[in-house]
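Accompanying notes for the structure given below.
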Amino acid sequence: MSSFKEFKIKWGMVIDLDKCTGCGACMVACQAENNIAPQPDASNKLKSLNWLVVYELNNGKPFPEHDVAYLPRPCMQCGKPSCVSVCPVVATDKNEEGGIVSQVYPRCIGCRYCMASCPYHARYFNWFDPTWPEGMDKTLTPDVSVRPRGVVEKCTFCHHRFMQAKDKARVEGRDPSALRDGDYVTSCTEACPNGAIIFGDFNNPEHRVHELHKSKYAFRLLERLGTDPQVYYLSRREWVRRLGDNYLEHEKVKG
């Protein structure tokens, strides 16, 4: 896999799975913020579309040892994204400001190579033009484009909020390249009632995620693939960390 340069700013998430209750508030907030049209039947995998999905995990043991965890899965904004490597028209790329993997919809030709290459299944193809119930079209976020039929879309870490935070910093006479912790947060971070999703700059010591992602209980999904995800998870439960990278029984798990 080709290498990618390091960025001064590295936006990322730390998601505490021991705090997540699987309520789905993050999913709803993501849909509302990013103009994702609601579907009457969410089980219809052809028509339903979610940039953020919450998965239920369990340890496979019977009661009373049975245990459950919930895992929110946004785009991992990989440091070495396989989706970028395979796109024939450069419709997806690593953003220079923060390392977010961008998606340029007018360039996308709908080949879906990026979907096939993503090990996290975090990309979605628009088979249909989006439609909204009467009145809901007036509540769309003006800074987020509505994606047409025939293109691939995904989580962007609410990049429009990043642009807004930089504009606000300029107005206040601050350096837009040195945002404070909390100046720029994603909609899912804002909506989580338990504070399970923490967002910030991994490279900034003043941001909470700077220390959290170094915890001995931190892990990343399928880390051994070498994609360098910018989303970390926390859990004190070993079985949860073991599932994160498909560890075998004899392999030692971090933490």
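Any Cβ shown, glycine's included, is placed from N, Cα and C.
Lifted from Swiss-Prot, the feature list:
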BINDING   CYS20, CYS23, CYS26, CYS30  [4Fe-4S] cluster 1 binding site
BINDING   CYS75, CYS78, CYS83, CYS87  [4Fe-4S] cluster 2 binding site
BINDING   CYS108, CYS111, CYS114, CYS118  [4Fe-4S] cluster 3 binding site
BINDING   CYS155, CYS158, CYS188, CYS192  [3Fe-4S] cluster binding site
DOMAIN    11-41  domain '4Fe-4S ferredoxin-type 1'
DOMAIN    66-97  domain '4Fe-4S ferredoxin-type 2'
DOMAIN    99-128  domain '4Fe-4S ferredoxin-type 3'
Query raised in the report: Who are the chain neighbours of the domain '4Fe-4S ferredoxin-type 2' (66-97) in space, where the CB to CB distance is under 8 Å and they lie at least 6 residues beyond its ends?
Result: 1-4, 7, 9, 11-13, 15, 17-18, 20-22, 26-27, 30, 51-59, 103-105, 107-109, 111, 113-120, 122-123, 152, 154-157, 159, 162, 177, 186, 188, 196-197, 220-221, 226-231, 233, 235, 237, 239-240
Query raised in the report: C-alpha of CYS108 ([4Fe-4S] cluster 3 binding site) to C-alpha of CYS87 ([4Fe-4S] cluster 2 binding site): distance in Å?
Result: 9
Query raised in the report: By a simple count, how many Cβ atoms lie within 10 Å of the Cβ of CYS114 ([4Fe-4S] cluster 3 binding site), its own Cβ left out?
Result: 25
Query - Cβ-centroid neighbourhood (8 Å) of the [3Fe-4S] cluster site, CYS155, CYS158, CYS188, CYS192 excluded - result: MET13, CYS26, ALA29, CYS30, GLU33, LEU52, PRO74, PHE157, THR186, SER187, THR189, GLU190, ALA191, ILE197, PHE199
Query raised in the report: Including all protein chains shown, what's the count of other C-beta atoms within 10 A of the C-beta of CYS20 ([4Fe-4S] cluster 1 binding site)?
Result: 21
Query raised in the report: Which are the residues of the chain, CYS108, CYS111, CYS114, CYS118 excluded, whose CB is within 8 A of where the CB atoms of the [4Fe-4S] cluster 3 site average out, their centroid?
Result: CYS83, VAL86, CYS87, ALA91, THR92, GLY110, ARG112, TYR113, MET115, ALA116, SER117, ARG123, VAL152
Report summary line: Here the Cα-Cα span from CYS23 ([4Fe-4S] cluster 1 binding site) to CYS192 ([3Fe-4S] cluster binding site), rounded to a whole number of angstrom, reaches 9
**Report entry** Cα distance (Å, whole number) from CYS83 ([4Fe-4S] cluster 2 binding site) to CYS155 ([3Fe-4S] cluster binding site)
**Finding:** 13
